[in-house]
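Record features, source TrEMBL:
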- 1-20: signal peptide (SIGNAL)
- 41-131: domain 'Ig-like' (DOMAIN)
- 135-191: domain 'Ig-like' (DOMAIN)
- 209-294: domain 'Ig-like' (DOMAIN)
- 299-375: domain 'Ig-like' (DOMAIN)
- 381-468: domain 'Ig-like' (DOMAIN)
- 472-569: domain 'Ig-like' (DOMAIN)
- 627-724: domain 'Fibronectin type-III' (DOMAIN)
- 729-824: domain 'Fibronectin type-III' (DOMAIN)
- 825-918: domain 'Fibronectin type-III' (DOMAIN)
- 915-934: transmembrane segment (TRANSMEM)
Amino acid sequence: MKMWLLFSLLVIISFKTCLSEFTWHRRYGHGVSEEDKGFGPIFEEQPINTIYPEESPEGKVSLNCRARASPFPVYKWRMNNGDIDLTSDRYSMVGGNLVINNPDKQKDAGIYYCLASNNYGMVRSTEATLSFGYDLSYRWLLNEFPVFITMDKRRFVSQTNGNLYIANVEASDKGNYSCFVSSPSITKSVFSKFIPLIPLPERTTKPYPADIVVQFKDVYALMGQNVTLECFALGNPVPDIRWRKVLEPMPSTAEISTSGAVLKIFNIQLEDEGIYECEAENNRGKDKHQARIYVQAFPEWVEHINDTEVDIGSDLYWPCVATGKPIPTIRWLKNGYSYHRGELRLYDVTFENAGMYQCIAENTHGAIYANAELKILALAPTFEMNPMKKKILAAKGGRVIIECKPKAAPKPTFLWSKGTERLVNSSRILIWEDGSLEINNITRSDGGVYTCFVENNKGKANSTGTLVITDPTRIILAPINADITVGENATMQCAASFDPALDLTFVWSFNGYVIDFNKENIHYQRNFMLDSNGELLIRNAQLKHAGRYTCTAQTIVDNSSASADLVVRGPPGPPGGLRIEDIRATSVALTWSRGSDNHSPISKYTIQTKTILSDDWKDAKTAPNVAPSDVGGGGGSNRELTITWAPLSREYHYGNNFGYIVAFKPFDGEEWKKVTVTNPDTGRYVHKDETMRPSTAFQVKVKAFNNKGDGPYSLTAVIHSAQDAPSEAPTAVGVKVLSSSEISVHWEHVVEKIVESYQIRYWASHDKEAAAHRVQVASQEYSARLENLLPDTQYFVEVRACNSAGCGPPSDMIETFTKKAPPSQPPRIISSVRSGSRYIITWDHVVALSNESTVTGYKVLYRPDGQHDGKLYSTHKHSIEVPIPRDGEYVVEVRAHSDGGDGVVSQVKISGASILSPCLLGFLLPALGILVYLEF
């Protein structure tokens, strides 16, 4: 009795110890069982750097944190590595978001991050800095509000220090000046006291050399940012300012302001690093200034970690590589706590290694996080999900591989048997490391029942299949070489023997490429009248059909091939490399390279000649005998008569000094006016006469001439002189801004009936009007769309009515601004998880740069892979659910949307392939067995 009590006590203590270990693993990471459907936290939204305007009327600031997990995660927040007391009235939580009420610079400025946890582990968000301040903009007032100083080559307001600079003071600059400072983050602005400026007469006319007073300093910029350099010089006359990159070309994204004082480099890249120079010059002298732009880069992933399952007792190398400037360092967190630095390798893993891991790549500019869950598999071998094939076919004399792929952790040992005979490695038999069985040089005696036995420290299993030996497939009538002439037919024979229990097919290939008989049925045909025969017929063979033909006879078990060559003979190809040498008064020497003989000897070469007077290989003639055709014309500008014809080809010139004689007269006139056109290739003549009335009918005709005489006139045609240009301007012109690169212009038509089209002229404020772009639309149109505009740019627009005589007066000029550019960063897709009959796609929030439009939502295109069309979704969230594809692969494209348009796309592929369920948790089985024993 005491022995049984002691044994029972030991068993119960052992079971409690196992439960205690299981409880720890359930808290932060554990092995995988069949019923295990949960997963650790995956961030869908993380806090971002935030600037809170100190006098903002909102009175609160929110830092976002949202994670997806099963079971639902618990959130905590930390500031400057200290826990935040969420019971305080100053803080509140909305989901995982932290809301700070009445933010205070002294108390709340700092570095924040959130922690999301469940019983699978804990992850830590990216760090976000909360700071207090303003974005300031400087302008200057002259005498009164709102009369602002307009910046030009003579006057400049620095956005670095707010100062107003005047290159040389003029009498018109007299007045009272006030500095006007505003912030776009709050609706507040301030004025300085007015400062009087009284120009001295003797100073305004005195010349002096250029002197740079606004100098840019060395700049450190992050790749992708916009960089602004200011340079302004005093001088009389006003200096011209020029920019250059020393010893290198300027970046393609560089823009210089109209005044020349500001250089902006958009989306700066590493190759844009270097020394930049500003040079100011007038007729009294010049000045130079140089400084360097250093371009560095935020960390970016080259390879990052993903959710991983490994067998208990195995080793794991988890690569995590990032690039950046400076080169990022790598550190690791496990369940939110510091774990490791540098490369991570785990050996002989146990359940204690399970949990939520985070790889952090960081340099002086910031850090990026990659999150992944590590699950440890521990289960007895099972063939339930992947049993051996019940029937395996193999051809006599061939090779077969019988797979044995159970689900097991740790990796099991493998043992094979045929019937009751245990199999070991030999010259014909090989058991692979993954458990597969390979048999070579198969004989009939190899047929039979094969069993794979597997075992690990969690249990045993086996699976059985039958190997059936078939007759081999053999080519018994192989194709033979053939030699034919272009246009003839050729036959390639092919017959094979095979196992009668199987189906046989023939595949033909030409020079290694399979012949598609549906697409190439004009020249290739198959003979389906003969059993076990794959004869190929080549009809009307051409030179391109010469080459090697291969017949492959195949069953589901094996195949056999044979090849033959087809020679197609035809006319020779053209000679090459023709050269003219030893040019004399009446003879030349010619050399050339031999062309392809196309399998027939070249017997002779024929040489033809022509003169420059003819495009045909024929004898030249004297005087033109062909009249120009297609005589017509009309239209053109005011007081013009335009006459056109089809120029004669050179074969009809028949001599030197070739040209045209154009004759015309008013329709009712008697005397023909004639002009000579000496250009032999032209087909147009414009006659200008200020006394000519609009839309007057004329008769016109044209003939050719050369140094030998004139040819015949063409048929007489009737055309009209140009009409007057419109005299009215379009009214009610309006503009609608569509995006960062598109605007729509609309107007009301003019009353005149002579309008044939409308012309829209538009130009950016930093360009000259003379460089304006033009868009022409038909007269019945009331609107036009202007595309490919610059983002966040002021444009001027005007509309004119036009006809063939020209355009009328412009409408009132309209001023408009395009929207800021769409976000340049693509959404980073962080997960693609299957949930029931749908996929959940999740991405990081896209943060627009200061010169980009604010993200208003996301567009998601769900389409079959290889196609452009699909279903378009719109969402304000950072995740979306899409149906699992029924067949094939689908692509999910995600792009940020803003008033400025759509941003850069990210995409992920998904498929309808089934996902294996996790297997039964192995380490509980022994303990559960003890429970059953005790109860019994």
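Backbone N, Cα and C define each Cβ position, glycine as well.
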_Against the domain 'Ig-like' (299-375), which of these stretches has the most C-beta pairs under 8 Å: 41-131, 472-569, 627-724, 729-824, 825-918?_
41-131
*Between the domain 'Ig-like' (41-131) and the domain 'Fibronectin type-III' (729-824), do 3 or more CB pairs sit under 8 angstroms, pairs being 6 or more residues apart?*
no
*Count up the helix, strand and coil residues in the domain 'Ig-like' (209-294) according to DSSP, in that order.*
3 helix, 51 strand, 32 coil
_Local confidence of the prediction over the domain 'Ig-like' (381-468), expressed as mean pLDDT_ = 93
*For the domain 'Fibronectin type-III' (627-724), what are the DSSP-based totals of helix, strand and coil residues?*
3 helix, 49 strand, 46 coil
